[in-house]
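A short worksheet on the structure shown next.
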């Protein structure tokens, strides 16, 4: 007999008939992803919060993004894990809307943060003399507010007003909606709107800004090289070191952006294309793409650990319990702060 998610069979979603071994493997993999996401981003949050040397405008923006990446491990992934492994939703229709809204909000907020970080890096590399005047703590607070509020209004407004399936109500209620399910469904209009708002527009801004930074940094490197060849070694070497550090930061954040695009691009492309293809993408594939997107929140701290020496030193201090020592917050994580 085919398993169902609800007692009333004629309105119930169909439960998958995977073996217990398959389910156990899926749960183990997803628990590992969740724990890695939580621990990695928590280390970033604690590091920036604890060490006073890291209290810079850019790092507070990174702190906020780490919080955005941390929250899916608490609020989204555990419930998505059950839905993916069982193909059933046991938490009620209201919580389904809350879960879906939170999921969309946090994924959108992550790329909003990356967009603002790219702008921050643009001024740090391309206009360093006026960087601290232009990107002060007030500007960072505005960036953080926009990065959280706009995705929240967009996601919760769309889901709770049921605008996500507006124009495709007949398809949704006849072929998708069932008791014990929590499918992420978009009509043609809402799919395009979500793609543009959460992915394409902010992603395009990032790509354009980083390309502009690359061109300017490349030109700066050429000028510094020419100046050094004219024996202006003292001052120019200092400027060269500073610009080298900025370019390294740009490269690191560019990799973070690239990881985001690689992780979320398949999901957003399917989201915008599926309604025009008459919803041919199976739910299982959609689940896989969603979890592939979640991996973005898992990978970001790994990028920090690989490229940021201050992150590795902070991690060592945490592992050995040194952050509990007196005045540990004033510990020097590096000799010279970058912007």
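Count begins at 1; order follows the chain as displayed.
Each residue, glycine too, has its Cβ placed from N, Cα and C.
Worth saying up front: this structure is predicted, and the values here are computed from it rather than measured.
A C-beta separation below 8 Å, combined with a sequence spacing of at least six in one chain, links residue 103 (2-phenylethylamine binding site) to 72, 76, 80, 155, 184, 290. According to Swiss-Prot, the feature 2-phenylethylamine binding site maps to 103, an assignment based on similarity to another entry.
The feature disulfide bond is assigned by Swiss-Prot to 5-178 (among others), with similarity to another entry given as support. Counting Cβ atoms from all protein chains shown, residue 5 (disulfide bond) has 19 others lying within 10 Å of its own Cβ.
On its own chain, residue 13 (disulfide bond) has 4, 5, 6, 87, 88, 89, 178, 179, 180, 181 as residues at least 6 apart in sequence with a Cβ closer than 8 Å to its own Cβ. Residues or ranges marked as disulfide bond in Swiss-Prot (evidence: similarity to another entry): 13-88 (among others).
What Swiss-Prot records for 96-182 (among others) is disulfide bond, and it gives sequence analysis as the kind of evidence. Within the same chain, the residues at least 6 positions away from residue 96 (disulfide bond) whose Cβ sits under 8 Å from its Cβ are 89, 182, listed in sequence order.
Residues or ranges marked as N-linked glycosylation site by Swiss-Prot: 10 (among others). A helical conformation is recorded for residue 10 (N-linked glycosylation site) in the three-state DSSP classification.
The N-linked glycosylation site annotation in Swiss-Prot covers 17 (among others), and the record cites sequence analysis as its basis. DSSP assigns residue 17 (N-linked glycosylation site) to coil in the three-state reduction, placing it in neither a helix nor a strand.
Remote same-chain partners of the topological domain 'Extracellular' (1-25), defined as residues 6 or more beyond its termini with a Cβ less than 8 Å from a stretch Cβ, comprise 85-90, 178-181. What Swiss-Prot lists as topological domain 'Extracellular' is 1-25 (among others), and the listing cites sequence analysis.
Taken from Swiss-Prot, the feature topological domain 'Cytoplasmic' applies to 47-59 (among others). The DSSP breakdown of the topological domain 'Cytoplasmic' (47-59), given as helix, strand and coil counts, is 10 helix, 0 strand, 3 coil.
Below 8 angstroms of C-beta separation, residues 5, 13-16, 18, 23, 26-27, 30-31, 34, 159-160, 180-182, 283, 287, 290-291 of the same chain, each at least six residues beyond the ends of the topological domain 'Extracellular' (81-98), sit close to that stretch. Per Swiss-Prot, topological domain 'Extracellular' is recorded for 81-98 (among others), and the stated evidence type is sequence analysis.
Positions annotated as topological domain 'Cytoplasmic' by Swiss-Prot: 120-136 (among others). Each residue in the topological domain 'Cytoplasmic' (120-136) gets a DSSP state, and the totals come to 14 helix, 0 strand, 3 coil.
Residues 4-6, 8, 11-13, 15, 83, 88-91, 93, 96-97, 99-101, 103-104, 194, 271, 274-276, 279, 283, 286, 290 of the same chain lie 6 or more positions beyond the ends of the topological domain 'Extracellular' (158-188) yet place their CB under 8 Å from a CB of it. Look at Swiss-Prot and you will find 158-188 (among others) tagged as topological domain 'Extracellular'.
Residues or ranges marked as topological domain 'Cytoplasmic' by Swiss-Prot on the basis of sequence analysis: 210-252 (among others).
Beyond the ends of the topological domain 'Extracellular' (274-287), by six or more residues, the same chain brings 80, 83-84, 87, 168, 171, 175-176, 183-184, 186-188, 191, 267 to within a C-beta distance below 8 angstroms of the stretch. Here Swiss-Prot flags 274-287 (among others) as topological domain 'Extracellular'.
Under the heading topological domain 'Cytoplasmic', Swiss-Prot lists 309-339 (among others), citing sequence analysis as support. Within the chain, the topological domain 'Cytoplasmic' (309-339) has long-range Cβ neighbours (under 8 A, six or more residues past its boundaries) at 43-44, 46-47, 50-54, 56, 58, 124, 128, 131-132, 242, 245-246, 249, 301.
According to Swiss-Prot, the feature transmembrane segment maps to 26-46 (among others), an assignment based on sequence analysis.
Residues annotated as transmembrane segment in Swiss-Prot, with sequence analysis given as evidence: 60-80 (among others). Counting only same-chain residues 6+ beyond the ends of the transmembrane segment (60-80), those with a CB under 8 A from a CB of the stretch are 30, 33-35, 37-38, 41-42, 44-45, 48-49, 91, 95, 99, 102-103, 106-107, 109-110, 113-114, 116-117, 120, 137, 140, 143-144, 147-148, 287, 290-291, 294, 296-297, 300-301, 304.
For the pair formed by residue 17 (N-linked glycosylation site) and residue 10 (N-linked glycosylation site), distance between Cα atoms is given as 18 Å, rounded to the nearest Å. Summarised as a single figure, the pLDDT of the topological domain 'Extracellular' (274-287) averages 92. Here the transmembrane segment (253-273) does not lie next to the transmembrane segment (26-46) in space: the count of CB pairs under 8 Å, restricted to residues six or more apart, is fewer than 3. Mapped onto DSSP classes, the topological domain 'Extracellular' (274-287) shows 9 helix, 0 strand, 5 coil. Comparing Cβ neighbour counts within 10 Å across the disulfide-bonded residues 88, 178, 182, the minimum falls on 178.
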